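In what follows, a single structure is set out as structure tokens and then discussed.
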């Protein structure tokens with residue numbers, strides 16, 4: 001009886017806390033509406049209000065994580081506040097975000113992780129279409145994959161940066177877990193075909209060699225497409241993630257079958273607005289150099305001499321001429337910082353061409 005009384009008292013306390021939480025969240029939402037009104041009223045002629053500020057969101061999430069004393073871990077607390085901010089921002093202006101579709105892809109999961117579930121997300125059939133939607137102003141932002149820890153760079157994304165003038169506004173890192181999914185009618189002891197995206201098949205190669213060595217592996221346009229195909233076939237399975245399993249009502253025959261447990265993909269947020277410095281930023285650039293001995297060394301010397309950390313470097317052949325190569329470089333810092341400005345100026349003196357793709361806050365989640 002005493003235990004029941006204690007449970008009742010604790011539940012009453014939770015109910016009271018929930019009421020207070022609701023009151024505070026509602027107050028925050030009303031404050032967001034006030035922010036929208038102030039921004040709109042202070043605009044100059046011909047100016048459009050900027051409601052989503054990546055640097056502000058990054059600061060809020062980091063601040064909350066610094067204040068957190070548990071028992072929820074920092075990432076869980078940050079996710080809760082991300083959703084609160086997403087819902088409040090939707091009251092100011094619902095964000096439209098394009099991503100590499102269809103529904104159920106890891107790119108959609110990355111978009112929702114970064115922007116929260118209150119955004120209007122639109123699937124695109126190809127990476128280049130995401131760039132075009134953003135360039136045309138049909139959406140506010142786009143989300144595209146740029147590199148995987150197992151398979152390396154996503155060349156379609158790198159090539160799209162050569163063709164479009166886009167600004168990188170943020171990054172998202174997503175831990176990738178692959179599952180072998182089956183439908184209600186699948187005869188699991190007679191699977192003869194496994195569908196997935198080519199990169200996912202590659203990321204699960206060893207597991208497939210061990211468990212399904214003689215089964216046909218079919219590369220399709222996306223993991224979500226693989227999941228859709230399984231719904232109508234009794235002898236096939238798909239490799240995809242949690243979102244696709246839930247969306248297409250599939251069961252997990254085997255979970256987490258990726259060869260590397262640290263398998264992750266990095267995604268970029270592209271838009272049309274520059275992001276101010278936060279003090280904890282990355283910058284991405286494209287540099288075109290002549291194909292001559294020592295070209296890469298010349299490019300890297302200014303970074304080394306000024307103690308600037310490079311986080312990624314990729315090489316692609318230039319489309320403008322067979323004697324030119326293009327380097328995609330990510331490094332720590334913001335292009336508005338004096339030291340970074342000096343380094344970029346030195347690089348520009350040696351390069352055929354230099355383009356700053358954007359400076360943006362490091363991934364918080």
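Keep in mind that glycine also has a Cβ here, set from the backbone N, Cα and C atoms.
Contacts of residue 39 (substrate binding site) defined by a Cβ separation under 8 A and a same-chain sequence distance of 6+ are given as 49, 50, 51, 92, in order along the sequence. Marked as substrate binding site by Swiss-Prot on the basis of similarity to another entry: 11, 28, 39, 57.
Residues or ranges marked as domain 'Chorismate mutase' by Swiss-Prot: 1-96.
What Swiss-Prot lists as domain 'Prephenate dehydratase' is 97-272, and the listing cites sequence analysis.
Summarising the annotation, Swiss-Prot assigns domain 'ACT' to 284-361. Counting residue by residue with DSSP, the domain 'ACT' (284-361) contains 24 helix, 33 strand, 21 coil.
For 265, the entry in Swiss-Prot reads site 'Essential for prephenate dehydratase activity', with the evidence type sequence analysis. Long-range Cβ contacts of residue 265 (site 'Essential for prephenate dehydratase activity') within its own chain (separation 6+, distance under 8 Å): 106, 110, 145, 147, 148, 149, 173, 174, 176.
When DSSP labels each residue, the domain 'Chorismate mutase' (1-96) comes out as 73 helix, 1 strand, 22 coil, counted as helix, strand and coil in that order. Cβ neighbours of residue 28 (substrate binding site) (same chain, under 8 Å, six or more residues apart in sequence): 84, 88.
Summarising the environment of residue 57 (substrate binding site), the number of other Cβ atoms within 10 Å of its Cβ, over all protein chains shown, is 21. The predicted model assigns the domain 'Chorismate mutase' (1-96) a mean pLDDT of 93. Mapped onto three states, the DSSP output places residue 265 (site 'Essential for prephenate dehydratase activity') in strand.
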